[in-house]
Amino acid sequence: LCSTITTRFKGTDGRPSAPLGSRILTSPDDVFNHNMWDHIQWTEEDIENARQKAEENSSVQIPLHEQRKFDFQAREFWDKFYTMHQDKFFKDRKWLLFEFPELLPSGATNMPHASGASTDTENQQRHHNSPAHHQKQTSGDPSSCQGADAEKDEDSRRTFPGQHASFRILEVGCGVGNSLFPIIHSIRETNAFLFCCDFSPCAIRLLKANPEYDECVCHAFVHDICEETACLPFPPQSLDAILAVFVLSAIHPDRLQGVVNRLSSYLKHGGIFLFRDYGRYDFSQLRFKKGQCLSENFYTRGDGTCVYFFTKGETHHLFTNAGLEEVQNLQDRRLQVNRGKKVAMLRVWTQSKYRKP
């Protein structure tokens with residue numbers, strides 16, 4: 001272990017300008033002193049070993065006729081997950097606003113303490129928020145929903161939650177609020193408003209039952225972002241920021257472009273789409289067994305939830321095809337350590353920011 005760690009952690013030049021953590025391993029003797037190390041340099045051997053493991057665990061795929069349930073019963077799987085775990089499974093993402101300061105309107109000063117900035121764990125990332133995904137229903141106030149061909153002047157006359165706010169955010173796949181509540185704490189004294197949706201009714205019920213939920217600054221609703229005709233409770237070009245954190249990976253890859261296209265239509269010109277998700281060859285991808293693969297780099301877990309592993313190139317293609325311009329597109333490579341078992345795991349996440357011209 002020590003010899004590979006020595007070569008693996010030599011170089012930290014060219015680190016991203018975004019924070020992405022600041023705990024750098026400079027000596028292999030220190031590897032088990034912390035749970036996570038940032039800005040890890042992979043060797044060619046690391047990459048080849050990961051490629052071989054992914055190739056092996058995807059060599060046996062689930063038959064096509066059995067795959068439909070993972071798509072069309074997704075809400076059921078996520079509802080079971082939240083019914084079992086309630087709001088106890090995840091920790092609040094205190095690092096969120098350090099990586100995505102674009103979520104704060106100008107003048108917001110109530111930043112969270114930095115202690116959570118570099119402590120991503122498998123549980124925090126594994127399921128996180130269920131995707132606002134396959135529920136076949138509309139959401140929000142039906143009387144305020146407009147058809148896709150509604151005129152802009154009609155939209156401008158609509159009344160909707162947060163319409164008087166000068167800064168509006170949408171979080172998709174909000175789950176029980178582990179990203180939402182850190183944002184609420186920072187925008188409460190500003191003229192900002194936060195929309196959040198999830199396709200799991202159980203998740204939204206749990207979120208609204210939280211005493212921190214505040215309808216003065218937030219509107220939570222059940223919504224399926226894969227449903228092409230479902231309405232959102234605000235008009236197109238009305239959002240300053242959209243946040244998708246460990247959400248798009250749970251959607252079938254064939255649906256992703258349509259989802260990003262539709263969501264992007266709700267951004268104002270100059271608005272930004274903020275994305276963080278699993279990266280190709282992350283440790284969690286390499287742990288899958290044969291027979292759990294649905295298609296290339298797309299897997300199902302034992303509880304029926306699904307996960308896709310992105311490359312930077314795929315991320316760039318996804319957002320630029322939706323008419324957005326790259327601001328940031330990074331791979332966040334870290335070493336996660338189980339200090340009790342003396343096990344080191346190479347983690348990969350993709351983090352991106354794309355702006356509407």
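Residue numbering: from 1, along the chain as shown.
Cβ coordinates come from backbone N, Cα and C, glycine included.
Per TrEMBL, region 'Disordered' is recorded for 108-159. Annotation source TrEMBL lists compositional bias 'Basic residues' at 126-136. As annotated by TrEMBL, compositional bias 'Polar residues' applies to 137-146. Look at TrEMBL and you will find 169-271 tagged as domain 'Methyltransferase'.
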| Average pLDDT across the domain 'Methyltransferase' (169-271), rounded to a whole number | 93
| note | What DSSP reports for the domain 'Methyltransferase' (169-271) is 32 helix, 28 strand, 43 coil
